[in-house]
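Below is one structure, written out as C-alpha coordinates; comments come after it.
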Amino acid sequence: MTDDFEDSFPDNETDAFEQAPLRLTVDLGALADNWRDMKKRSGRARTAAVVKADAYGLGIEDCGATLYHAGARDFFVATVAEGATLRSYAPEARIFVLSGIWQGQERQVFDNDLVPVLASEEQLSFWMATVAERGDHPCALHVDTGFNRLGLPLDDALFLADDVTRPASFDPVLVLSHLACADTPSSPMNRAQLESFRRVSAAFEGIESSLSASAGIFLGPDYHFDLTRPGIALYGGEAVNDVANPMRPVAKAEARIIQIREAGEGQTVSYGSSFLLKRASRLAIASVGYADGYQRSLSGSGIPLREMGHGGAYGVVNGHKVPVAGRVTMDLTIFDVTDVPANAIRAGDYIELFGPNVPVDETARAAGTIGYEMLTGLGLRYERQYLVADD
(Lines of atoms letter the chains of each structure in order from A and count residues from 1; the text may use other names and numbers.)
(Lines give C-alpha, C1' and ligand atoms only; values in the text may rest on other atoms or scores of the structure.)
Protein backbone atom coordinates (compact mmCIF):
# COMPACT_ATOMS: atom_id res chain seq x y z
CA MET A 1 0.00 0.00 0.00
CA THR A 2 2.83 2.39 0.83
CA ASP A 3 4.55 1.75 -2.51
CA ASP A 4 1.31 2.38 -4.43
CA PHE A 5 0.75 5.60 -2.49
CA GLU A 6 4.27 6.89 -3.23
CA ASP A 7 4.04 5.88 -6.88
CA SER A 8 0.88 7.96 -7.27
CA PHE A 9 2.85 11.21 -6.92
CA PRO A 10 4.36 12.76 -10.06
CA ASP A 11 8.13 12.75 -10.24
CA ASN A 12 8.41 16.52 -10.16
CA GLU A 13 7.07 16.64 -6.61
CA THR A 14 10.40 15.24 -5.50
CA ASP A 15 12.27 18.16 -7.06
CA ALA A 16 12.81 20.54 -4.16
CA PHE A 17 13.70 23.51 -6.33
CA GLU A 18 10.78 23.17 -8.73
CA GLN A 19 8.30 22.97 -5.86
CA ALA A 20 9.88 25.41 -3.40
CA PRO A 21 7.82 28.32 -2.05
CA LEU A 22 10.89 30.52 -2.53
CA ARG A 23 13.64 30.04 -5.10
CA LEU A 24 17.01 31.68 -5.57
CA THR A 25 18.92 31.04 -8.78
CA VAL A 26 22.59 32.02 -8.84
CA ASP A 27 24.15 32.25 -12.30
CA LEU A 28 27.78 31.32 -11.73
CA GLY A 29 28.60 31.94 -15.39
CA ALA A 30 27.47 35.55 -15.01
CA LEU A 31 29.53 35.82 -11.82
CA ALA A 32 32.66 34.65 -13.63
CA ASP A 33 31.96 37.00 -16.54
CA ASN A 34 31.56 39.94 -14.16
CA TRP A 35 34.92 39.18 -12.55
CA ARG A 36 36.56 39.05 -15.99
CA ASP A 37 34.89 42.38 -16.82
CA MET A 38 36.31 43.93 -13.65
CA LYS A 39 39.71 42.44 -14.44
CA LYS A 40 39.67 44.07 -17.87
CA ARG A 41 38.61 47.43 -16.40
CA SER A 42 41.41 47.18 -13.82
CA GLY A 43 44.06 47.41 -16.52
CA ARG A 44 47.50 46.46 -15.26
CA ALA A 45 46.34 45.98 -11.68
CA ARG A 46 45.56 42.53 -10.39
CA THR A 47 41.92 41.89 -9.59
CA ALA A 48 40.78 40.36 -6.33
CA ALA A 49 37.29 39.16 -5.40
CA VAL A 50 35.40 40.27 -2.31
CA VAL A 51 33.33 37.39 -0.94
CA LYS A 52 32.46 38.66 2.53
CA ALA A 53 29.00 38.14 4.03
CA ASP A 54 28.67 34.71 2.40
CA ALA A 55 29.56 36.18 -1.00
CA TYR A 56 27.01 38.96 -0.59
CA GLY A 57 24.38 36.43 0.43
CA LEU A 58 24.82 34.15 -2.57
CA GLY A 59 27.04 31.42 -1.08
CA ILE A 60 30.77 31.66 -0.41
CA GLU A 61 31.46 28.02 -1.31
CA ASP A 62 30.02 28.04 -4.84
CA CYS A 63 30.86 31.66 -5.58
CA GLY A 64 34.37 31.37 -4.16
CA ALA A 65 35.11 28.22 -6.16
CA THR A 66 33.76 29.83 -9.34
CA LEU A 67 35.85 32.98 -8.92
CA TYR A 68 38.96 30.94 -8.16
CA HIS A 69 38.38 28.85 -11.28
CA ALA A 70 37.91 32.07 -13.29
CA GLY A 71 41.37 33.20 -12.20
CA ALA A 72 41.02 35.16 -8.96
CA ARG A 73 43.99 34.57 -6.67
CA ASP A 74 43.32 37.29 -4.11
CA PHE A 75 40.17 37.26 -1.97
CA PHE A 76 38.79 39.49 0.76
CA VAL A 77 36.52 38.29 3.56
CA ALA A 78 35.22 40.06 6.65
CA THR A 79 36.05 37.51 9.33
CA VAL A 80 38.52 34.77 10.15
CA ALA A 81 35.70 32.20 10.06
CA GLU A 82 34.81 33.25 6.50
CA GLY A 83 38.44 32.90 5.50
CA ALA A 84 38.66 29.41 6.98
CA THR A 85 35.56 28.37 5.02
CA LEU A 86 36.90 29.83 1.77
CA ARG A 87 40.31 28.18 2.03
CA SER A 88 39.02 24.78 0.82
CA TYR A 89 37.62 26.41 -2.33
CA ALA A 90 40.58 28.68 -3.08
CA PRO A 91 43.56 26.52 -2.11
CA GLU A 92 46.39 28.68 -3.46
CA ALA A 93 44.85 32.12 -3.08
CA ARG A 94 45.80 34.92 -0.73
CA ILE A 95 42.84 35.45 1.60
CA PHE A 96 42.73 38.82 3.37
CA VAL A 97 40.61 39.22 6.52
CA LEU A 98 39.28 42.78 6.62
CA SER A 99 38.41 42.78 10.33
CA GLY A 100 41.95 41.75 11.25
CA ILE A 101 42.69 39.39 14.10
CA TRP A 102 41.76 39.06 17.76
CA GLN A 103 43.54 37.16 20.50
CA GLY A 104 42.49 33.52 20.29
CA GLN A 105 42.29 33.49 16.48
CA GLU A 106 45.99 32.95 15.87
CA ARG A 107 45.70 29.23 15.18
CA GLN A 108 42.92 29.68 12.61
CA VAL A 109 44.87 32.42 10.88
CA PHE A 110 48.11 30.43 10.69
CA ASP A 111 46.52 27.03 9.94
CA ASN A 112 44.46 28.47 7.06
CA ASP A 113 47.22 30.80 5.85
CA LEU A 114 45.03 33.89 6.18
CA VAL A 115 46.31 37.45 5.89
CA PRO A 116 44.90 39.70 8.63
CA VAL A 117 44.30 43.32 7.70
CA LEU A 118 45.50 45.37 10.67
CA ALA A 119 43.56 48.57 11.28
CA SER A 120 44.42 49.77 14.79
CA GLU A 121 47.35 50.23 17.14
CA GLU A 122 45.97 47.41 19.30
CA GLN A 123 45.93 45.00 16.37
CA LEU A 124 49.42 46.08 15.32
CA SER A 125 50.85 45.50 18.79
CA PHE A 126 49.16 42.13 19.14
CA TRP A 127 50.29 41.01 15.69
CA MET A 128 53.90 42.08 16.19
CA ALA A 129 54.02 40.10 19.43
CA THR A 130 52.41 37.11 17.72
CA VAL A 131 54.85 36.92 14.81
CA ALA A 132 57.79 37.56 17.12
CA GLU A 133 56.78 34.35 18.90
CA ARG A 134 55.49 32.25 15.99
CA GLY A 135 57.64 33.47 13.13
CA ASP A 136 57.03 35.33 9.89
CA HIS A 137 53.50 35.51 8.51
CA PRO A 138 52.12 38.06 6.04
CA CYS A 139 49.72 40.80 7.08
CA ALA A 140 48.14 43.85 5.46
CA LEU A 141 47.66 47.40 6.73
CA HIS A 142 44.45 49.41 6.47
CA VAL A 143 45.03 53.17 6.49
CA ASP A 144 42.17 55.62 6.95
CA THR A 145 42.27 58.39 4.34
CA GLY A 146 39.00 60.08 5.30
CA PHE A 147 36.33 57.41 5.70
CA ASN A 148 36.58 57.39 9.51
CA ARG A 149 35.62 53.76 9.82
CA LEU A 150 38.44 51.22 10.14
CA GLY A 151 42.05 52.16 9.55
CA LEU A 152 45.24 53.49 11.04
CA PRO A 153 45.41 57.29 11.19
CA LEU A 154 47.38 58.64 8.24
CA ASP A 155 50.19 60.12 10.33
CA ASP A 156 50.57 56.90 12.33
CA ALA A 157 50.83 54.89 9.13
CA LEU A 158 53.48 57.21 7.70
CA PHE A 159 55.44 56.95 10.95
CA LEU A 160 55.20 53.15 10.84
CA ALA A 161 56.57 53.12 7.29
CA ASP A 162 59.76 54.83 8.50
CA ASP A 163 60.02 53.00 11.83
CA VAL A 164 63.34 51.18 11.70
CA THR A 165 62.64 49.55 15.07
CA ARG A 166 59.75 47.43 13.86
CA PRO A 167 60.58 43.71 14.14
CA ALA A 168 61.93 41.85 11.11
CA SER A 169 59.11 39.31 11.46
CA PHE A 170 56.57 42.08 10.74
CA ASP A 171 55.81 41.43 7.07
CA PRO A 172 53.10 43.62 5.49
CA VAL A 173 52.40 42.56 1.91
CA LEU A 174 49.63 45.06 1.17
CA VAL A 175 48.57 48.52 2.27
CA LEU A 176 44.99 49.51 1.51
CA SER A 177 42.38 52.17 2.07
CA HIS A 178 38.71 52.56 1.18
CA LEU A 179 36.94 55.33 -0.73
CA ALA A 180 33.91 56.98 0.86
CA CYS A 181 32.27 58.46 -2.25
CA ALA A 182 33.47 56.38 -5.19
CA ASP A 183 29.87 55.73 -6.25
CA THR A 184 29.61 59.48 -6.94
CA PRO A 185 32.44 60.22 -9.41
CA SER A 186 32.06 64.01 -9.12
CA SER A 187 32.65 64.04 -5.36
CA PRO A 188 35.81 65.97 -4.39
CA MET A 189 36.33 63.41 -1.64
CA ASN A 190 37.62 60.94 -4.22
CA ARG A 191 40.53 63.13 -5.26
CA ALA A 192 41.29 64.08 -1.65
CA GLN A 193 41.52 60.45 -0.60
CA LEU A 194 43.56 59.59 -3.68
CA GLU A 195 46.17 62.21 -2.81
CA SER A 196 46.37 60.96 0.78
CA PHE A 197 46.72 57.38 -0.34
CA ARG A 198 49.47 58.28 -2.79
CA ARG A 199 51.49 59.45 0.20
CA VAL A 200 50.88 56.14 1.94
CA SER A 201 51.74 54.09 -1.13
CA ALA A 202 54.98 56.00 -1.64
CA ALA A 203 55.94 55.63 2.02
CA PHE A 204 55.51 51.85 1.89
CA GLU A 205 57.69 51.47 -1.19
CA GLY A 206 57.96 47.87 -2.36
CA ILE A 207 54.65 46.87 -0.75
CA GLU A 208 51.55 46.45 -2.91
CA SER A 209 48.82 49.09 -2.67
CA SER A 210 45.04 48.84 -3.06
CA LEU A 211 42.46 51.64 -2.99
CA SER A 212 39.55 50.72 -5.24
CA ALA A 213 36.56 48.50 -4.66
CA SER A 214 33.89 48.14 -7.38
CA ALA A 215 33.02 51.82 -7.77
CA GLY A 216 36.64 52.92 -7.55
CA ILE A 217 37.53 50.77 -10.54
CA PHE A 218 35.19 52.91 -12.65
CA LEU A 219 37.04 56.07 -11.55
CA GLY A 220 39.92 55.10 -13.81
CA PRO A 221 43.58 54.02 -13.73
CA ASP A 222 44.71 56.63 -11.20
CA TYR A 223 42.72 54.75 -8.57
CA HIS A 224 43.75 51.19 -9.45
CA PHE A 225 47.26 50.94 -7.96
CA ASP A 226 48.46 47.31 -7.71
CA LEU A 227 45.27 45.49 -6.71
CA THR A 228 41.57 46.22 -7.11
CA ARG A 229 38.86 44.77 -4.86
CA PRO A 230 35.53 44.39 -6.71
CA GLY A 231 32.59 43.24 -4.63
CA ILE A 232 29.01 44.27 -5.49
CA ALA A 233 29.77 44.50 -9.22
CA LEU A 234 30.68 40.80 -9.27
CA TYR A 235 27.19 39.94 -8.09
CA GLY A 236 25.46 42.12 -10.67
CA GLY A 237 24.76 45.14 -8.49
CA GLU A 238 25.16 48.80 -9.38
CA ALA A 239 28.51 50.21 -8.33
CA VAL A 240 28.08 53.80 -9.55
CA ASN A 241 25.09 56.08 -9.11
CA ASP A 242 23.04 57.39 -12.01
CA VAL A 243 24.73 55.45 -14.81
CA ALA A 244 23.66 52.33 -16.68
CA ASN A 245 24.79 49.17 -14.92
CA PRO A 246 27.10 47.19 -17.26
CA MET A 247 27.22 44.06 -15.11
CA ARG A 248 25.32 40.85 -15.79
CA PRO A 249 22.62 39.97 -13.24
CA VAL A 250 23.71 37.04 -11.10
CA ALA A 251 20.83 36.39 -8.69
CA LYS A 252 17.15 35.77 -9.37
CA ALA A 253 14.72 35.52 -6.44
CA GLU A 254 11.23 34.12 -7.01
CA ALA A 255 8.18 33.53 -4.82
CA ARG A 256 5.42 31.06 -5.56
CA ILE A 257 1.83 32.24 -5.82
CA ILE A 258 -0.26 30.46 -3.20
CA GLN A 259 -3.64 31.89 -4.16
CA ILE A 260 -5.29 34.24 -6.64
CA ARG A 261 -8.39 35.98 -5.35
CA GLU A 262 -10.95 38.49 -6.55
CA ALA A 263 -11.58 41.71 -4.63
CA GLY A 264 -14.11 44.44 -5.28
CA GLU A 265 -13.77 48.16 -5.86
CA GLY A 266 -13.60 50.00 -2.56
CA GLN A 267 -12.20 47.07 -0.60
CA THR A 268 -8.86 47.31 1.18
CA VAL A 269 -5.79 45.10 1.20
CA SER A 270 -3.50 43.83 3.99
CA TYR A 271 -2.76 45.22 7.46
CA GLY A 272 -3.98 48.67 8.32
CA SER A 273 -6.50 48.67 5.45
CA SER A 274 -4.35 51.40 3.94
CA PHE A 275 -4.41 50.14 0.33
CA LEU A 276 -7.75 51.02 -1.24
CA LEU A 277 -8.76 49.26 -4.44
CA LYS A 278 -10.03 51.73 -7.02
CA ARG A 279 -11.40 49.01 -9.28
CA ALA A 280 -12.42 45.38 -9.14
CA SER A 281 -9.11 43.56 -8.86
CA ARG A 282 -7.35 40.22 -8.89
CA LEU A 283 -4.74 39.71 -6.21
CA ALA A 284 -1.95 37.13 -6.08
CA ILE A 285 -0.73 36.13 -2.64
CA ALA A 286 2.93 35.10 -2.85
CA SER A 287 4.96 33.17 -0.30
CA VAL A 288 7.52 35.85 0.55
CA GLY A 289 7.68 38.41 3.32
CA TYR A 290 10.02 40.46 5.42
CA ALA A 291 11.27 37.28 7.13
CA ASP A 292 12.78 36.47 3.73
CA GLY A 293 14.46 39.83 3.24
CA TYR A 294 11.58 41.23 1.18
CA GLN A 295 11.41 44.30 3.33
CA ARG A 296 8.31 45.89 4.78
CA SER A 297 9.37 49.14 3.16
CA LEU A 298 8.55 47.53 -0.20
CA SER A 299 4.87 47.79 0.69
CA GLY A 300 2.47 49.45 -1.70
CA SER A 301 1.14 51.80 0.98
CA GLY A 302 0.70 52.39 4.67
CA ILE A 303 4.31 52.83 5.78
CA PRO A 304 6.45 55.99 6.10
CA LEU A 305 8.56 55.42 2.97
CA ARG A 306 5.46 55.29 0.80
CA GLU A 307 4.17 58.48 2.38
CA MET A 308 7.49 60.15 1.52
CA GLY A 309 6.72 59.60 -2.15
CA HIS A 310 8.80 56.57 -3.06
CA GLY A 311 7.19 54.27 -5.62
CA GLY A 312 6.18 50.81 -4.51
CA ALA A 313 7.96 47.66 -5.57
CA TYR A 314 6.88 45.32 -8.31
CA GLY A 315 7.53 41.80 -9.53
CA VAL A 316 7.25 40.10 -12.90
CA VAL A 317 5.15 37.02 -13.58
CA ASN A 318 5.15 35.34 -16.98
CA GLY A 319 6.39 38.55 -18.59
CA HIS A 320 3.91 40.85 -16.86
CA LYS A 321 4.84 43.58 -14.36
CA VAL A 322 2.79 43.37 -11.15
CA PRO A 323 2.94 45.92 -8.29
CA VAL A 324 2.89 45.17 -4.58
CA ALA A 325 -0.55 45.87 -3.08
CA GLY A 326 -0.71 46.88 0.58
CA ARG A 327 1.74 46.06 3.32
CA VAL A 328 4.34 43.32 3.06
CA THR A 329 3.83 40.88 5.94
CA MET A 330 6.13 38.37 7.62
CA ASP A 331 5.53 35.44 5.27
CA LEU A 332 3.27 36.79 2.53
CA THR A 333 3.14 39.62 0.01
CA ILE A 334 0.15 40.57 -2.12
CA PHE A 335 0.60 41.59 -5.75
CA ASP A 336 -2.00 43.27 -7.97
CA VAL A 337 -2.34 41.01 -11.03
CA THR A 338 -5.48 42.62 -12.44
CA ASP A 339 -3.76 43.55 -15.70
CA VAL A 340 -2.37 40.06 -16.28
CA PRO A 341 -4.62 38.05 -18.63
CA ALA A 342 -6.47 35.38 -16.67
CA ASN A 343 -5.03 32.64 -18.88
CA ALA A 344 -1.47 33.90 -18.26
CA ILE A 345 -1.33 33.34 -14.51
CA ARG A 346 -2.39 30.72 -12.00
CA ALA A 347 -1.67 29.57 -8.48
CA GLY A 348 1.67 27.79 -8.42
CA ASP A 349 3.34 30.22 -10.82
CA TYR A 350 6.36 32.20 -9.64
CA ILE A 351 6.73 35.95 -9.33
CA GLU A 352 10.24 37.25 -9.96
CA LEU A 353 11.13 39.55 -7.06
CA PHE A 354 14.44 40.61 -8.54
CA GLY A 355 16.63 39.24 -11.29
CA PRO A 356 17.04 39.70 -15.04
CA ASN A 357 13.60 41.31 -15.39
CA VAL A 358 13.57 43.24 -12.11
CA PRO A 359 17.00 44.77 -11.33
CA VAL A 360 17.93 44.20 -7.70
CA ASP A 361 18.89 47.85 -7.31
CA GLU A 362 15.49 48.96 -8.60
CA THR A 363 13.81 46.81 -5.97
CA ALA A 364 16.23 48.20 -3.39
CA ARG A 365 15.40 51.79 -4.32
CA ALA A 366 11.71 51.04 -3.81
CA ALA A 367 12.65 49.91 -0.29
CA GLY A 368 14.76 53.00 0.35
CA THR A 369 17.95 50.97 0.49
CA ILE A 370 20.71 49.57 -1.75
CA GLY A 371 21.27 46.34 -3.63
CA TYR A 372 23.93 45.26 -1.12
CA GLU A 373 21.30 45.07 1.62
CA MET A 374 18.78 43.24 -0.57
CA LEU A 375 21.29 40.50 -1.41
CA THR A 376 22.90 40.10 2.00
CA GLY A 377 19.50 40.18 3.73
CA LEU A 378 18.06 37.14 1.98
CA GLY A 379 16.50 34.81 4.52
CA LEU A 380 17.04 31.10 5.03
CA ARG A 381 13.91 29.85 3.26
CA TYR A 382 15.10 30.14 -0.33
CA GLU A 383 15.76 26.86 -2.13
CA ARG A 384 18.93 27.55 -4.07
CA GLN A 385 19.99 26.51 -7.53
CA TYR A 386 23.44 27.23 -8.95
CA LEU A 387 23.83 27.44 -12.72
CA VAL A 388 27.29 26.11 -13.47
CA ALA A 389 29.75 28.41 -15.22
CA ASP A 390 31.11 27.38 -18.60
CA ASP A 391 34.88 26.94 -18.81
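Just so you know, glycine gets a Cβ as well, placed from its N, Cα and C.
Small disclaimer: the values here were computed from a predicted structure and weren't measured.
Per Swiss-Prot, the features are as follows:
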- LYS52: active site, proton acceptor (ACT_SITE)
- TYR271: active site, proton acceptor (ACT_SITE)
- ARG149, MET330: substrate binding site (BINDING)
- LYS52: N6-(pyridoxal phosphate)lysine (MOD_RES)
Taking only C-alpha atoms and a 10 A limit, tell me which of ARG149, TYR271, MET330 are near LYS52 (active site, proton acceptor). These are the recorded positions. none
The answer, for which of the recorded positions TYR271, MET330 has its Cβ ringed by the most other Cβ atoms inside 10 Å, is TYR271
In the structure shown, which of the recorded positions LYS52, ARG149 has the fewest other Cβ atoms within 10 Å? ARG149
